[in-house]
Amino acid sequence: MLSVRNLVHRYGDTVAVDGVSLDVADGECVVVTGANGSGKTTLVRHCNGLLEPDDGEVLVNGTPVGEDLVAARASVGMVFQNPRDGFVGATVGADVAFGPENLGRPREEIDARVADALDAVELGGRRDERVADLSGGEQERVAIAAALAMRPDHLVLDEPFTGLDWPARQSVLDRLRALHAAGTSLIVVTHDLRDVWTLADRVVAMRDGEIALRGDPADVRGALPDAGVRPP
């Protein structure tokens with residue numbers, strides 16, 4: 001379980017997240033949407049301690065993130081918008097191995113984690129290829145594999161479809177469906193609900209740093225325009 005409790009985050013005098021509470025159950029897919037500047041990216045960056053709250057807290061499996069940052073980051077994987085800016089290895093395998101190596105895991109375990117993660121995103125035969133030579137969709141899948149190699153309970157993806165053409169978007173979406181079916185919790189941040197509508201167990205719409213709407217996709221669809229969100 002990932003729990004956000006009365007979270008507040010400020011950038012100077014601007015309140016980016018204002019008293020937000022949200023629970024994400026094991027195996028659930030929650031889609032967080034809203035216009036630019038609504039606070040959705042700031043919210044999810046608290047989920048594994050990338051940001052510190054001004055008030056409130058985030059708990060991962062019952063433990064506040066700030067009390068055990070290493071455990072939180074092992075449990076909550078992050079895939080950032082434009083992940084190609086954050087690749088740390090020249091090859092696919094080196095990039096995916098980076099996280100487990102930093103955990104100090106044995107080489108045999110690292111190799112197994114890398115193999116499992118690449119298989120999960122259907123890049124098992126691409127381990128020795130240069131990340132820079134891959135397509136945008138393939139690079140997105142490498143970023144997902146790098147997060148999966150940490151064997152997280154929850155996977156947070158910030159605008160995972162940005163800049164991808166239609167076939168690449170569908171490829172990434174297929175991988176997310178498979179991960180969801182296998183029991184991985186997903187928190188997907190997007191301003192465009194068309195790709196993830198059928199994937200979501202719940203939709204959370206943010207506006208001005210607050211949750212304006214939340215619920216099952218079928219229940220909230222008609223109210224999305226009132227929350228400032230274009231329906232799919």
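Positions of Cβ are set from backbone N, Cα and C atoms, glycine also.
For reference, Swiss-Prot has these:
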- G34, A35, N36, G37, S38, G39, K40, T41: ATP binding site (BINDING)
- 2-231: domain 'ABC transporter' (DOMAIN)
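The binding-site residues N36, T41 differ in how many other CB atoms lie within 10 Å of their CB, and the one with the most is T41. A sphere of 10 angstroms centred on the C-beta of K40 (ATP binding site) encloses 29 other C-beta atoms. For the recorded ATP site, residues G34, A35, N36, G37, S38, G39, K40, T41 set the reference point as the centre of their Cβ atoms, and the other residues of that chain within 8 Å of it by Cβ are H191, M206, R207.
A simple Cβ count within 10 Å picks out one of the binding-site residues G34, G37 as the most packed, and that one is G34.
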